[in-house]
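K.L.:
Just passing along the structure, written as structure tokens.
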Amino acid sequence: MIPLDKKISSTWASSRTTSSSLTANSSKRRSSTLGSDCQSPFTPWTLTVEEVSRVLTTDTNSGISESEALSRSSKYGPNSIDEGKGVAFWEIFLRQACNAMVLVLLISMAISFAIKDYIAGGVIAAVFFINVIVGFIQEFKAEKTMQSLKSLSSPTAHAIREGLDDTVPSMALVPGDIIIVKVGDTIPADSRIISSMNLETDEALLTGESLPVTKSSNLICSKNSPVGDRQNMLFSSSVVTKGRGTAIVTSTGMDTEIGMIAKSLRNENSKIRKVKRDDTGKAKRREYVKAFLGSIKDIIEAFLGTNHGTPLHRLLAKLSIFLFGIAVVLAIIAMAAQKFIVTREVAVYAIVLAIAMIPASLVVVLTITMAMGTKTMAQRNVIVRKLDSLESLGAVNDICSDKTGTLTQGKMILKKVWVPGLGYYDVVNGVPSNPDSGIVSFSQSEESSDKMDPPESDLFSEWITTASLVNIANVRKETSLGSTVWKSNGDPTEIAVQVFTTKLGYNRNVLVDSDNPRYTFINEYPFDSSIKRMSSVYNDNETDSVHVFTKGAVERILGICTQWYGDNGEQSTFSKEQHEKVLAQVDRFARQGLRVLAFARRQPPGSIVKERSWKQVERIEVEQDMIFLGLAGIYDPPREETAEAVRRCHTAGINVHMLTGDHPTTATAIAKEVGILPSNLDEYSPTIVKSMVFTAPEFDALSDNEIDQLPLLPLVIARCAPQTKVRMIEALHRRKAFAAMSGDGVNDSPSLKKADVGIAMGLVGSDVAKDASDIILSDDNFASILAAVEEGRRMAENIQKFTLHLLAGNISQALFLVVGLAFKDNDRFSVFPLSPVEVLWIIMITSSFPAMGLGIQKAEVGIMNKKPKNPKAAIFTWEVIVDMLVYGLLLAVICMVSFIGIVYGVGNGELGHGCNERYEDVCQYVFRGRSTAFIQMTWCLLILAWEVIDSRKSLLLMNPDIFRDVNKNPGFLRSVMLMFQELFAILWENQMLFWSVVIGFFSVIPIIYIPVINKKVFQHSPIGWEWGVGLAGLIVFIAGSELYKWCKRIYYRNENSQKEDVESHHLPFMRYNTLQLE
């Protein structure tokens, strides 16, 4: 198979790079079908049918021959979505096993079995396999996008070959084939229309637009027209909703628009770097060396997991390598202390020292915590597809959202009516589909604040009768479960109009279907997207006269009207000057975010029917010489929670961008209403205002450099196309932003894949969009995105807490064991102050369960008032690193003092011999010292889990407000009681953490006293008065931790007060835009 884009690649070698847009790429790839003498990209939508047929060497009547079809098929390949290289089970398994974090577990397991410590080896083996299996399942579930795309293709096609109609497999179509399509068909390949009859297609999966697109062969589109505007083209996998047509196949398989989306969804993650070449295709020798060394580097980093995955996963992989390196260094130090005379005792000490530095439980705690987080997310209408997206959400600082159905309700309501010669009708507090809601008021001018009840008026009666009758929606009352409710069905726009007419007593069912109806239905001319209007014909039973009622797009209604009611309410000629007045009113409505419909009526002469029936009368005879009646402004109201959600995003330091297919004026109005745009745009400079709002063609026309020079990235992009969303994400990435993108159609899949967090809609989203996403909103609500970000921040904060807790324990044990190298027994071998099983117990058991408890800790107050964290810094800020070192050092010192006090203070320095392998009487002080150090290490780490709930507040006083009550009830005892009462209430909220600490606190007792387990497994012995030493060490640890936090509070209080003074003068849109505005 010869790819289409290879044949004449020289003709577009100087084109824009891959970061430009899918539209540019689609033009490039089609150049191959033109032949080797082509000097410009093939854009069939810019050519006439004759030009396209000549380029493709085909006949529009007879098509191509079977032999030519076979020849082209071998050249261009099958017309199908190429799934690419299949995903093998063993590859997924290796990807999960071959990263630094898991390799550390594997090496630890091997070391444990090597020293015949089968208990420790078995525990680490279980952790290893749990981590690999969970990761394997998650990755395997994510490999479905290409299958969803393939399911969209049509199995057969109706083609003309050698002048004969034939049904052929869609895979057999080639460029130049002539195809015939009709209602219900799935388009088999991208094609240029030859002829059509009322042809309409549903292209929602490509453009996101829910309305069918009218197609025509006569139109010639501009080169840069987005997919949705190429009305002379048919696109693969779209569906014919009306009419029929004939077309020339111009692109097949992966060169179709849907194929380009499939290409963009693939993970282009080859580890082999390409050699950089000059314009002539030649490369210098050093470029080969660079490519070779770079490829080796990429392969090694991929093997260790340091160059792929989320920022947290990459950081943890690097951390594992760093800690493993430290572990090796510590093991070497242990052997060097014995002058490299490596006996079994020396090897055991070196292994223990190395294991102490490895956070063996970190991976499993992280995985389990994230799995638990998905359940919490589901309760907030967020379905998590990929576990690693949880921590990514916490770093999001830009959200790109669709409008319809996400920021808005996706339900229409009629908000304003303008009747010329009369005035304005407003609906206040209306609820979609409920005629009982809202209040209708009237004013003679739009700016007037003098509102009154709607007056009786023949002009308004004409308008509302027309609005009710030229409408096929059904709004009715039904009784359900003893209560009466309003029900409706039909087009949302028509429902909105019918709800308004019903509110004022002009329901269509009452006018037409009552016992004594005023009107009788005669005929209907349904909505036609090519002329954008519809008409209904009724007989007025009171006057026995026929009336035509029409509604539609304003420009199409104006074109058929010759009369209107002027300012004085008298019927007069509808001149061009009056047209301008109407269009000015339309513009005012549009600036309020309203979609505008126009209404007109006519009483046709009786001669129009003559001897024909109304069914035989063409609509062109009916829709003329009409009287313009007025305008209606239809509104898709924002969700009630949207404005507050946007405000909270700004408070949280998150920019919100609206990327919508709506008209710029409508999009701007909605953006102002929900707070995405400032309401006081006039107070900003023209340059800033221009940067805030773009249309897709304007944005796509800019080069990457020009976009980067904008003072801020657009907050609103109207008429948005798929490639525009991709370029927006790329622009955000160039500004180091961490972006989330929402979408629902197949056309949104590339941008969802490219975004740091892809968010699909659960109610209306396509399967392909869902498969390309990281999370799915089950309610399609923007507020749920904010909830997901809040939950992501909570997860990130908690990951930071339990990582601090675990690594502080590793540091304390490593320091303790390094200093222990100085303790030489009678044989001059170092005696370890903690045994291997004690170390593993503390790492795998003592620390793991409190760490899991920290993972489900509720969000702290004000978490959404903070700015997003730097995703590159992830969990390791300087504050966390210092905390880790301070807590680790404090705990190591406490344990060291206790061990030295028992062995040297009481035991006179008796370290015996062979105390690293077995218990003898000469080892009693060593074993008692280990017991004391073990209980101190265990207890202090358990209390540390509570201390790190808040990195700065005192554990004993997490809620300072309780002392307001103390003032009313003075006294030391009362103060202490209140303090501990509040402390218990706070700790009890997280019961998993509470019981992990309490049970862990008492678990040391059986480990110390159960025979065999104590001396042979843990290598420590029962103790007596040493319990007091352990308790004293715990008190010192708490006091030291509280003193450290007190110092931190003083430091950060001064720093924050300075920041608040600087930031308090900035407006939200100046503080939270992508670039800092001056």
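Count begins at 1; order follows the chain as displayed.
Cβ atoms here come from the backbone N, Cα and C positions, even for glycine.
As the structure is a computational prediction, the values presented were derived from the model and not from experiment.
From TrEMBL, here are the annotated features:
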{"type": "DOMAIN", "residues": "43-117", "note": "domain 'Cation-transporting P-type ATPase N-terminal'"}
{"type": "TRANSMEM", "residues": "92-112", "note": "transmembrane segment"}
{"type": "TRANSMEM", "residues": "118-137", "note": "transmembrane segment"}
{"type": "TRANSMEM", "residues": "321-341", "note": "transmembrane segment"}
{"type": "TRANSMEM", "residues": "347-371", "note": "transmembrane segment"}
{"type": "TRANSMEM", "residues": "802-823", "note": "transmembrane segment"}
{"type": "TRANSMEM", "residues": "839-856", "note": "transmembrane segment"}
{"type": "TRANSMEM", "residues": "876-904", "note": "transmembrane segment"}
{"type": "TRANSMEM", "residues": "933-950", "note": "transmembrane segment"}
{"type": "TRANSMEM", "residues": "994-1013", "note": "transmembrane segment"}
{"type": "TRANSMEM", "residues": "1025-1044", "note": "transmembrane segment"}
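Could you place these features in context, so I can see how deep they sit and what lies close by?
P.N.:
Within its own chain, the transmembrane segment (802-823) is flanked in space by residues 323, 326, 330, 333-334, 337, 349, 352-353, 356-359, 361-362, 365, 369, 830-834, 839, 842-843, 846-847, 850-852, 854-855, 875, 880, 883-885, 887-892, 895-896, 899, 903, 911, 933, 937, 941, 944-945, 948, 951, which lie at least six positions past its ends and keep a Cβ under 8 Å from the stretch.
Long-range neighbours of the transmembrane segment (839-856) within the same chain, counting only residues 6 or more positions beyond its ends whose Cβ lies under 8 Å from a Cβ of the stretch, are 112, 120, 123-124, 127, 352, 355-356, 358-361, 364-365, 368-369, 372-373, 376, 795, 798-799, 801-802, 805-806, 809-810, 813, 817, 934, 937-938, 941-942, 945, 948-949, 990, 992-994, 996-997, 1000, 1003, 1007, 1018.
Note on the transmembrane segment (933-950): residues 801, 804-805, 808-809, 812-813, 816, 833-834, 838, 842, 846-847, 850-851, 853-854, 857, 860, 883, 887, 891, 894-895, 898-899, 958, 986-987, 990, 993, 996-997, 1000-1001, 1003-1004, 1007-1008, 1018, 1020, 1027, 1029-1030, 1033-1034, 1037-1038, 1041, 1045 of its chain, located 6 or more positions outside it, place their CB under 8 angstroms from a CB of the stretch.
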K.L.:
Honestly, do the transmembrane segment (1025-1044) and the transmembrane segment (321-341) touch, with at least three Cβ pairs under 8 Å and pairs 6 or more apart in sequence?
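P.N.:
When sequence-distant Cβ pairs are counted, the transmembrane segment (321-341) does not touch the transmembrane segment (1025-1044), since fewer than 3 lie under 8 Å.
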K.L.:
I'd like to know the mean pLDDT over the domain 'Cation-transporting P-type ATPase N-terminal' (43-117).
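P.N.:
Taking every residue in the domain 'Cation-transporting P-type ATPase N-terminal' (43-117) and averaging pLDDT yields 78.
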